[in-house]
Structure formats: C-alpha cells, structure tokens
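**Q** Submitted below is the structure of interest, expressed as structure tokens.
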Amino acid sequence: MALATGLSPAMFIDLERDAWRALRAATPLPLKSEDIDGLRGLGEHLDLDEVVDVYLPLSRLLNLQVAAAQRLWAEQQAFLGGSTQKVPYIIAIAGSVAVGKSTTARILQALLKRWPDHPRVELVTTDGFLFPNDVLTERDLMKRKGFPESYDRRALVRFLAELKAGRAEVAAPVYSHLVYDVVPGEAQVVRQPDILILEGLNVLQAGAQEGKQMPATFLSDFFDFSIYVDAHEHDIRRWYVNRFLKLQQTAFRDERSYFRRFSELNHEQAIQLAESVWGEINGPNLAQNIAPTRSRARLILLKGPDHKVKRVRLRKL
C-alpha cells in the first residue's frame, strides 16, 4: 500500500498491523477489561485486542526511546560533572477532532506509567490553552475555535519551556467541555514527571512569525517524540457526527452544558447541525492546519473505518 499524500517512502517505514503486532515481543499486558472501559472515548472501538496489537508494541518502542534519552542524559551528566537537571520526556499526540487522539493519549499514559523506569506520566491537553470565550468573542473567533489562532500560543510555549527548564511545578490551565470554556482560576499542576504527554489538534504545526526579525519558537522544539492519529476524512466525519448524536443524548442534557439548546433537536436536525459544523469548522481545520502536519510526526497510526488501527508508519532515524 502506498504511503499517504505528502509522506515520502524514503522517510517512513510502513508496517501492516500484523507486522506491528509482532513487535510487541514479550511485553506484558498490565491492563484489564475494566481498565480499558475507563479509557475508551465516546463512540470509539477499543478492546483488549487493540491494546495488545497496537498499543503494547508502541509502549515498548516508547520505553526504548525514553531509556535511550535517559542514558544520554546520564552521559551528559558525567561529561558536565553532574551539573544538569533531568527533565521530562515529552510525547506529542496530534490529529483531528473525533479521530481518537485523546483515547490514544489515555492508553499510552496508562501503559507507560506501569514501566518501572518512568512511573510518573502526566497527560495535558492543549484545550486549556485556548483563549477564553470572552476573548474569542471579542476577536470574532468563536467560529474558529480549534484553529491555530484560537490558542494562546505564547502561554503554551512558556509552559513547555518551563517544563524543559526543570521547574519544580508548572501549571496548565484547565478546560471544561461541559461549559465549552477555560475554567477561571483552575490549573493542572505538573510536578517534574518522567514523561509528559501533550495532546491536541495543532501541536505539530509550525509556528507563525512573531514579527519579521526572527523565527518563532516551534512547539516541536520541545518534543522528544510525536504521534499523529490518522484516518480518511470521510471516516472521521462520520465518527464526529455519531459522537455528536451520542452527546446530544447525554452531556448536552446537563443544565450546565453550553450546548443544552441542542438537546431538544430531533434526530434529523441534529445530524444536519453536526454535518454543518464539520463542513464549516472541523473539516476545513483538518484540511488546512492539521493534516498538513502529519509528515512531521515520528509515528503515524492509520485507522480504518471501524476505528481500529490498520497500519503504523514509523519515521526512519
């Protein structure tokens, strides 16, 4: 099977699921069915087979990568006479709305923290770095929420820089999907983890210029490994609509929900609205800003129509 548009065969090793599964070797499965139930995203397929076939080999690869980074750090410590501080290994996970990147992040967190060499694994989403709704409204960006310009990029860069500088505590803002806004006064405090997983739509995007005198800092400057969760656009669109319909029957009915008004729509109206949101916001964002970053990832998980990973593409060293 040919690589996707924009991916050079010279850059990536392309593995079918069976070949990837064999790379698990003797890696044990530390999760039970009930653990996986708590990690599954709304409307997503996730079972023990998916964890064993896809995510155990990935956790093994990441453990090797982290171990190599730790050995390099130890060598640098010896070279410098013990004058540098160990810093978190940062894994970025990118992909479209509804593609399953949040589930991927939660699974990897659960697996990686069970490896003895790096038990402290934190997960942070970039949702908290969205500008608050009042700022987005003032800038006429509410319909561009999720696009690069809707994020406080400077705050996100500062967060990552402080982590890599070895700060004892670094705070990330908290986002509520229920109220569809950043929560004032709340923060997720990250305290020198062994690994930090950063999950978000546009984490692999190249930074815009902050003026004409010097290039901006890229988020990827801080990443040790990056993953792109991929699927065909028509599948992601269908998953998004199905997720919207499930949310309409559950979370949207909460009186605190920003989308409470949508809970009263009939089935056809809900589908029409979800299709409209995809066509006007999520689809263009995927095409213009998210999918073009795929080639920057170290590893790509390609899903089939059933949400199962069919192929894995690993960038050559």
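Any Cβ shown, glycine's included, is placed from N, Cα and C.
Just lifted these from Swiss-Prot, have a look:
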type	residues	note
BINDING	G95, S96, V97, A98, V99, G100, K101, S102	ATP binding site
**Q** By a simple count, how many Cβ atoms lie within 10 Å of the Cβ of G95 (ATP binding site), its own Cβ left out?
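**A** Counting Cβ neighbours of G95 (ATP binding site) within 10 Å gives 31.
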**Q** Where does S102 (ATP binding site) sit in DSSP terms: helix, strand, or coil?
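**A** In three-state terms, S102 (ATP binding site) counts as helix.
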**Q** Around the ATP site (G95, S96, V97, A98, V99, G100, K101, S102), what further same-chain residues have their C-beta within 8 angstroms of the site's C-beta centre?
**A** V229, I236
**Q** Please work out which residue of V97, V99 has the most C-beta neighbours within 10 angstroms of its C-beta, and give that one of the binding-site residues.
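**A** Result for the most crowded candidate: V99.
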**Q** Please list, in sequence order, the residues in the chain of K101 (ATP binding site) that are at least six apart in sequence and whose C-beta is under 8 Å away from its C-beta.
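**A** Long-range Cβ contacts: I93, A94, G95, E199, V229.
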**Q** Which residue, out of the binding-site residues S96, S102, shows the minimum number of other Cβ atoms inside 10 Å of its Cβ in this structure?
**A** S102
